[in-house]
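Below is one structure, written out as structure tokens; comments come after it.
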């Protein structure tokens, strides 16, 4: 549906209705086709598959093929869904599976995931099935894989252009422009290596917030949240929600201030924010073309470290688009020392980490120490300066370019605090800043407030120079001083926040922004789940004794930052949410006011950490992610004489990985 000229509110509503109807039609058509072929979501499908069926996915002979089918031709989708991307390729190469079977299973699961969380925007199911059939015919003829990603179902964040389909990033004004005439270079690269793209996924309005909602496609829910009360994060939120539910085997997102890492952490999956220029940006649309002060980077999102490595090993070093200045830097296998030296911190000194986020870091540190690695605590003293630079650089034009695409669409509440600063007259802002500093006693928030303003070209240049200076200081004060191999850090002060909380809590992204400013590669690894009085999933030896509630001891500990932000997060009861009483035999709910950080409401939500490396040491970061993931698995409690291999498999199958969805009893 296309409209000439400027778009009216009524036309925007018509576009939304048309998009909703189009998605429903495509979904229903494909669902009918797949169910006739035996790809159904059965009652047992939404529970864990049998261990035998899951294990058969990687066994020899015809076991994997036989285990995929139950009586009457119904297929056990979990056999396909619980395989890593690498295992998918191996099973296709050994003739156990076909690309058509794999893609059919993931499409059927993607439909279920979308119906649960509203994570998809553009749907390519019929095209994907046709591509899979063609790939199978090619392999049957040549017995050669097209590439390392042969037959892997892949999804892309909505911003990536795919020829013949719209690229809207949630703007009604963009939806009225028709379809893309070309595809993003990364799309070409994935397809050239055998991947099959099944869908694009939802993003926040403008992609400068971490609440995944926009007027065109609506809100995406966190699949781990009880009743969908918490956001999946953003801006790559739809990708994270889809991958967490096994609706795709690999995903592609982007990051300018945490857009890969925040949703990855909120949804309990894995990702890598690469160094700038490691992957092509050609054909990835954004609301502020030409903004280079903080480079947007593209990165893989996955369900295991192995799959992050597979994507990077395949794509690093491939030529960019003809006009792109990308270094020819193929994947380099790093040689890690037996004993790694990690730095770590639990607070970014801007917003004190919640008990759950702090515990995730400390459990990671303890697990690494048990494996003989050295972990040294330090303070990220430059994080606040990085946040001020981010606010100053992104607001330099008063957000006029960013907001110019809204047209008739209402502005999402998540952009309230982000875009407020430049609208406030300077003298009013100065008075407010003085009051916040001297009366309310919050110098940090006072400084953040005055950073958000329209700037002259000279002022903008000054900030860019300060950015470069901060990068230099971080290397001198941290990397060169301590000689760390990597850094373990919380993603944010809290796990996934409730819907609507981002209206006033956008500064929570300070935990990720630092590493965009200094251009560090950063991996994300899930560690644990929010737990209160043993009600969360069992993550380790003492999980039944864990309680992530706010205590007086926590209040008295160092690490506090902005009083106003911390009050909004931990103490101000502002969120109207159904309160779940899990102390009774049968859970009951009632509407009550609760704080943003409420471990009872958050019980079962994933909590993750960042693993940070030096610029262009992306491969080393991936290997350190594997070290962390393995250490966490080995630190878990043994059951019935369980060995190390079984511990690793249990972490993948029960907690985080392709086998971890749907949640176990005790999870949401």
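Positions of Cβ are set from backbone N, Cα and C atoms, glycine also.
TrEMBL: automatically predicted annotations, no manual curation.
As annotated by TrEMBL, compositional bias 'Polar residues' applies to 1-12.
Here TrEMBL flags 1-27 (among others) as region 'Disordered'. Taking DSSP states H, G and I as helix and E and B as strand, the region 'Disordered' (1-27) has 19 helix, 0 strand, 8 coil.
Residues or ranges marked as compositional bias 'Basic and acidic residues' by TrEMBL: 13-27. Same-chain neighbours of the compositional bias 'Basic and acidic residues' (13-27): 1, 3, 7, 111, 114-115, 120, 123, 125-126, 172, 175-176, 215-217, counting only residues six or more beyond its ends whose CB sits under 8 Å from a CB of the stretch.
Taken from TrEMBL, the feature region 'Disordered' applies to 40-74 (among others).
The annotation compositional bias 'Low complexity' is assigned in TrEMBL to 46-69.
TrEMBL lists 101-621 with the feature domain 'Amidase'.
Marked as region 'Disordered' by TrEMBL: 636-668 (among others).
Averaged across the domain 'Amidase' (101-621), pLDDT for the predicted model comes to 94.
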